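**Q** Pasting in a structure now, in structure tokens, and then I'll have a few things to ask.
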């Protein structure tokens, strides 16, 4: 073998192999769900979608996806939904903010502003 080919082979053997992403994959009628799984190699994102049927009733879905389209609200359907994506192992383990929590944010900011 030529020295250049030998050098290329040595360098390639030292490179780490691409690691598959680990995501929580589940569907749950309630606040949150956890089920860690190894995703296929082509997957680039962990996704969490929450569909709100009423302010207190929701469905949480978590999955592995090759592409992500984050949404805050789908105005065309009769149910509100939020979708978020992330790109590191088990990053979709935490839940998204619920509507009640989001409603408290302006009140908290106004209170803090009044204290300043």
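The backbone N, Cα and C atoms fix where each Cβ goes, and this holds for glycine too.
Take a look at what Swiss-Prot says about it:
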type     : residues : note
DISULFID : 23-46    : disulfide bond
DISULFID : 26-33    : disulfide bond
DISULFID : 39-64    : disulfide bond
DISULFID : 68-85    : disulfide bond
DISULFID : 86-91    : disulfide bond
DOMAIN   : 21-107   : domain 'UPAR/Ly6'
LIPID    : 91       : GPI-anchor amidated cysteine
SIGNAL   : 1-20     : signal peptide
**Q** Relative to the Cβ position of residue 23 (disulfide bond), how many further Cβ atoms are located within 10 Å?
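**A** If we count other Cβ atoms within 10 Å of residue 23 (disulfide bond), we arrive at 29.
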**Q** Tell me, which disulfide-bonded residues from 26, 33, 39, 46, 68 are within 10 Å of residue 86 (disulfide bond) if we use the C-alpha atoms?
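**A** Checking Cα-Cα distances against residue 86 (disulfide bond), the disulfide-bonded residues within 10 Å turn out to be 46, 68.
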**Q** Within a 10 Å radius of its Cβ, which of these disulfide-bonded residues (33, 46) has the fewest neighbouring Cβ atoms?
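**A** Checked 33, 46; of these disulfide-bonded residues, fewest Cβ neighbours within 10 Å: 33.
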**Q** For residue 39 (disulfide bond), which residues of its chain lie six or more apart in sequence with Cβ-Cβ distance below 8 Å?
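**A** Expected: 20, 21, 22, 23, 25, 46, 64.
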**Q** Tell me, how many other CB atoms lie within 10 A of the CB of residue 26 (disulfide bond), whichever protein chain they belong to?
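**A** A 10 Å sphere around the Cβ of residue 26 (disulfide bond) contains 17 other Cβ atoms.
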**Q** Hey, how far is residue 85 (disulfide bond) from residue 33 (disulfide bond), Cα to Cα, in Å?
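**A** It is 16 Å, counting Cα to Cα.
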